[in-house]
């Protein structure tokens, strides 16, 4: 799939706005949206599966640089008299954390070997046996990456047989479209088409269901919003929920989940990003808006950046990136208050996962795309077919793990190599809408009203 790089110097301000759309029934609007956006591609219009868009990274081979020989020469035979390559082979049978925290304290020679960057690069590539990472940045932390990869591979070994599975079906009356893990995976929020946001205590998994479900947020009986809850975001102990009722509600979990603010938007809220100083919304009426949530949420900026609904967005200290049903990806400079880039794509992006400078996104054709952010200009570096036949509805990427969910009723667990290697697939009877992973917990929202939870070995 050949995609243009887009314009990287669009100097237009984005403070201007457009007239609000006329009021519509939120439930009818939501149902029409789901039927249009989340449906698989029509027959006869199948999107071509991607060929590789760029030259893959070099896989580990004989040309791989050797770890520098820093082991001191010894006069008598012993462990330290072995070549560095053999020492690394011996260490490969030991846990990475043990190598880092124990062997490094044995002697200066082993410490030098353990803290050699090439040591961990060789070890990581030996583990995954594929080009990794997809994009290697300068000063890439190979030690942290290797530990994360080994932990992920160990937890999902043997097709995930060690993972405990829980189906929490007693909290909602309709499909769950948004999930969010908090406090290292101890707590979970779920937003549903039954208009509620539920708080779950995942430390109680395996006990009575009534102990796992803590409460439903809000003071109204059996209702958090007046429309489907479609998006969730958090900043420390404060969380927000976006709904088809055209509101964003803010909740303080440190105050027993009490509501401390509400934002009335011009249309249904489809995506959110919550930072310490701003709350960013993407709405059905094609707009991206920035609010200050710290004191009586105030609108700071708003503009119609797209010609169709905004489906996914992310924000950091410098940029806001939004994807739309109009098949564009727009980058905004928060500080300079201007559009930096507008990328025209061949599909629309339904979900994003950002770990600077990489943006991983899933589209409506079931494909995965990797972009790299270079000073506010996104460049598409790779596109992958990871096995989903219908739209990808959820994605979670980290340096050592990759999770995807889809309307094809599956969740797939991958290693983020080039291309990603799928190590576990779970099929269900209904659509899986979102995925979130934190600590040793993975959760996904289901179309059959249940919260799907996997507890991995610690």
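Glycine too: its Cβ is placed from the backbone N, Cα and C atoms.
The compositional bias 'Acidic residues' annotation in TrEMBL covers 16-28. Taken from TrEMBL, the feature compositional bias 'Polar residues' covers 51-62. Per TrEMBL, the feature domain 'F-box' maps to 76-123. Taken from TrEMBL, the feature repeat 'WD' applies to 169-203, 222-253.
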Distant-in-sequence neighbours of the repeat 'WD' (222-253), which means Cβ under 8 A and at least six residues beyond its ends: 26-27, 29-30, 177-180, 182, 187, 189, 191-197, 199, 216, 259-276, 279, 281, 283-284, 291, 293, 297
Residues in the domain 'F-box' (76-123) grouped by DSSP into helix, strand and remaining coil: 34 helix, 0 strand, 14 coil
Composition by DSSP (helix, strand, coil) of residues within the repeat 'WD' (222-253): 1 helix, 19 strand, 12 coil
DSSP helix/strand/coil residue counts for the repeat 'WD' (169-203): 5 helix, 18 strand, 12 coil
Stretch-averaged pLDDT - the repeat 'WD' (222-253): 95
